[in-house]
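Below is one structure; the comments refer to it alone.
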Amino acid sequence: MTEAPMRVVIAEDHYLVREGTRRLLEDTGAVGVVAAVGDGTELLRAVDALRPEAVIADIRMPPTHHTEGIAAAHAIRAAHPRIGVVMLSQHADENYAFELFRRGTDGLAYLLKERIGELDELLRALREVASGRSVVDPRIVEVLMGSHTRAADAPLACLTRRELDVLRHMAEGKTNRAIAKALVLSESTIEKHVNSTFAKLGLAEETQLHRRVSAVLAYLRHAPASRTRGMP
Amino acid sequence: MRGNGRALGAAAVAGGLCLLWAATTGAFLLRNNTVTLPWILGAVLPCYCAGLFAWWHAPTHPVARRLLLIGTALSASIGIRYTSALLTTWYGWDLRAPENGLPSPTAALAVLPAEWDNLTVSILVVHLLALLPDGRPRFRGELLVLRSLWALLALPVALPAAGVPTHGVEYAVFYYPEAWLPGIGATLLVMRCLRGRAAGRRDLAALLPVATGAAALFLGRAASRLFRSWHGETGVLYLVGSLLGALPYVLISLSVVYAAFRYRLLGVDIVIRRSVVYGTLWLIISGWYLGMAMTLGLTAGQYFPIGLSVLIAVTATALFQPLRARLNQLAERRVFGRRLTSFELLVQFGSALEHAYDLSRLAPQLAAGLQVGLGLRWARVRLGAGDDLPVHTGTAGEEPDGCAAAAGGARGFPLRYGNDVLGLIEYGPKTEGRFTPEDHDVVETLARQAALAVHNVRLAAELSTRVDEVQRQAGELDASRARIVHAQDTERRRIERRLHDGIQQDLVALVAKLRLARNRLGRGGDIDAVLTEVQDDAYRVIDELREVAHGIHSPVLSDQGLVAAVTSRARRMPIPVTVRVDPSLDRVRFALDIEESAFYLVSEALTNVLKHADATHVTIRMSRSDGWLVVEVRDDGVGFPTGTTRGLGLTGMRDRIEAVGGDLLITSGSGAGTTIRSRLAERVREESHD
């Protein structure tokens, strides 16, 4: 507990949830909530003024209660690339995650709202986004992996089953070592699968970190959907 | 009977010869024109002709036989009279008795045939009249009364024997029976009719007015005939007497011929041309008329110089001409029925067409009207135009066979409206006379009107079909609206149950578990396990709530549109689903109701696939074409016979799609899978929802 608490802004229109989350986070001692606001506009103002390390934002906020949170996240990421955003959503629907990650996955996390109850998960996500990485709620990945939906023209069609498994774990934000552990394989085997996946997805030229994120993005985009869209 | 018939035939021939003999003697030898021709033409000839006519057609019928006998007897009577007159003139036989004295036995014997003959005529008239219409006795006493009349034949013998003077005998034998017996006959007929009415005989009851009229007429005649007995055989009174004298014979003759034709008096169908009947009637009327006119002229000749009397005769003839024409017209109309003028025909048809929307009734109506109106042998009207209007044919008259029709001068008029041929009028030649240009015009005008009528009927039918269609649609709309409301209510009740029986109960259980945790805490126990349990329960409630909310409305649909919502729904299917989306649909937002209806369709279709289809794969296609959003869900399942589309939620789908102006096509078959394809009129939402 020698580290200084992470400076976080919370945006949530529901008062009880907002205060509950704040208390929960501050109670850990790892997070300092520098501001708790009720809508997207206030959030952007607070971020501009306070420059937190990370933001926790509700996806649905006034005035329209649709996807103000995502718009705010995009605005924050565009204005302050170093500030990570954890999106809390009541939608267990991958389409919202796609929407969030539409302009890139860096520094963004998509979590279901009830993950507040699983404090460790929330804290991990905050740390991940603060350091520019990305997290997707396991529930969303579960839906995508369980899906039987196919699209003949999807780029992932050429991946083997094993490569898809590895990619799924990558999407959950795991390191190669963690993946090897989960699949009971050697780390070098995982390394091989990761590289062949990158090659098949046309990501060989990218940097290591970016490649990883792009692979996840491709996975999220194409595994489920049939929409034909060029790679970003 | 045959012998009887032959005897009657012989009698008829004898009568004819008598008539010829009397006419010749009267006119040329005796120069007794005053009596001869008028009587022959006015009374004897009509009766004889009518008798022949009736007997020819019904040789065994009592009425026919009696009429012929009357005619024959009348002819014989006049023949006898002229023979004796001739003998008197040529040989100087004076058979006349002194005015108040007794005739010599020879003279009395010589007069006897004439006396019996005249009496026979009168008695036969009574028989004929009293036993109408069938000529056979039906009631007790009739035959007795009629037979007792023959006792009158004893008079010519009994009276001179009893010392009655010649003058008195003449009255009793010639004048009184001739005057009164027709009246008595008609009176007996009245009594017969009354008895018949009491006995429920309809034919007799119907005859009662005629019988009463005849009785009144003949009795009145008898009373006025008394003049003749006062004033001899000259002058105006003689003229009146002649007119009245001929009356019963003319009337009876006319009536029998007419009734034979019209009411089957003689019990047989007269299968002769109407013109023969009419000719007979014409002959009777003309004979009577001629006789009367001659009597007038001859009567005048007794008072005035010959020139003036001719003038009078001509004038009188001219004056009586309308009467004759009227009588002839009456006879014609009675025989031929009412003949319509062209104008009447058109007016009549016009009104028939105006109200005729039923071609099956109009066709025979037109055919009959045409046939009767123009006096055609046959007419056939065919209405309707093959393809969209069923053909109705009406035929009137006896239509000959095809080849005979072609040979018999059959003509046809097509019914035209614009370029359409809407039917055909065909007809044979006229029964009488030739087909005139006027007739042609009538048929042509009629054809034009009929074509218009058929056209109207066609329009009316079309209109009625459309009205039916609109009504059916209105009914369907009402039903579908009711179904939609019903479905909404059902859905609301289902959600309410899920909230109350599911989520609320879960929350209550959660509260109970929290209370349990507090109790344990109060006792200083370990509550970590309980709290974990509470947290897990809370997650479940959240999941449940999310599911319910999603069931009410898909947030993805409103937030991200149709394609996102459909792919999201497809991903949650437990069987493989391929989604093919036209790139032009990418991020397009349609009007709210369109998106919702399309999503509802896909949702329901997928639910159906899971419930019924037993499919291994589903393909969803979404595309745009010509302003339509096309959504198709195809499975490879068991399918169903397309006749049984009800009860699979398909009605609900159709209602939803049709409510937003779309249509739905369901193709399926046992073992062939099911394809549900819907087109929705594309309406793009104004604001883009990025």
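Placement of Cβ uses the backbone N, Cα and C atoms for every residue, glycine included.
Unlike curated entries, TrEMBL annotations are predicted automatically.
Residues or ranges marked as transmembrane segment in TrEMBL: B:38-56 (among others).
Annotation comment: TrEMBL describes B:68-93 (among others) as transmembrane segment.
Sequence-distant neighbours of the transmembrane segment (B:113-132) (same chain, 6+ residues past either end, Cβ-Cβ under 8 Å): 62-63, 66-67, 69-70, 73-74, 76-77, 80-81, 84, 142, 145-146, 149-150, 152-153, 155-156, 173-174, 177-178, 181-182, 184-186, 188-189, 192, 207, 211, 214, 248, 252. According to TrEMBL, the feature transmembrane segment maps to B:113-132 (among others).
Annotation source TrEMBL lists transmembrane segment at B:144-162 (among others). Only residues 6 or more beyond the boundaries of the transmembrane segment (B:144-162), in the same chain, are considered here, and those with a CB under 8 A from a CB of the stretch are 102-103, 108, 111-112, 115-116, 119-120, 122-123, 126-127, 130-131, 137, 168-169, 172-173, 177, 181, 188.
Residues of the same chain lying 6 or more positions beyond the ends of the transmembrane segment (B:174-194) and with a Cβ under 8 Å from any Cβ of it are 115, 118-119, 121-123, 125-132, 138-139, 142, 145-146, 149, 152, 204-205, 207-208, 211-212, 214-215, 217-219, 221-222, 225-226, 228-229, 245, 248. Under the heading transmembrane segment, TrEMBL lists B:174-194 (among others).
Here TrEMBL flags B:206-224 (among others) as transmembrane segment.
With a threshold of 8 Å between CB atoms, the same-chain residues lying at least 6 positions outside the transmembrane segment (B:236-259) that come near it are 38-39, 42-44, 46-47, 49-51, 53-54, 63-64, 67, 70, 74, 125, 128-129, 133, 178, 182, 210, 214, 217-218, 221, 224-225, 227-228, 265, 277, 280-281, 284-285, 288, 291-292, 295-296, 299, 331, 334-335. Under the heading transmembrane segment, TrEMBL lists B:236-259 (among others).
Under the heading domain 'Histidine kinase', TrEMBL lists B:601-684. Mapped onto DSSP classes, the domain 'Histidine kinase' (B:601-684) shows 26 helix, 31 strand, 27 coil.
Model confidence over the domain 'Histidine kinase' (B:601-684) is summarised by a mean pLDDT of 86. Proximity of distant same-chain residues to the transmembrane segment (B:206-224), defined by a Cβ-Cβ separation under 8 Å and at least 6 residues beyond the stretch ends, is recorded for 129, 132-133, 179-180, 182-183, 185-187, 189-190, 192-194, 196-197, 240, 244, 247-248, 251, 255.
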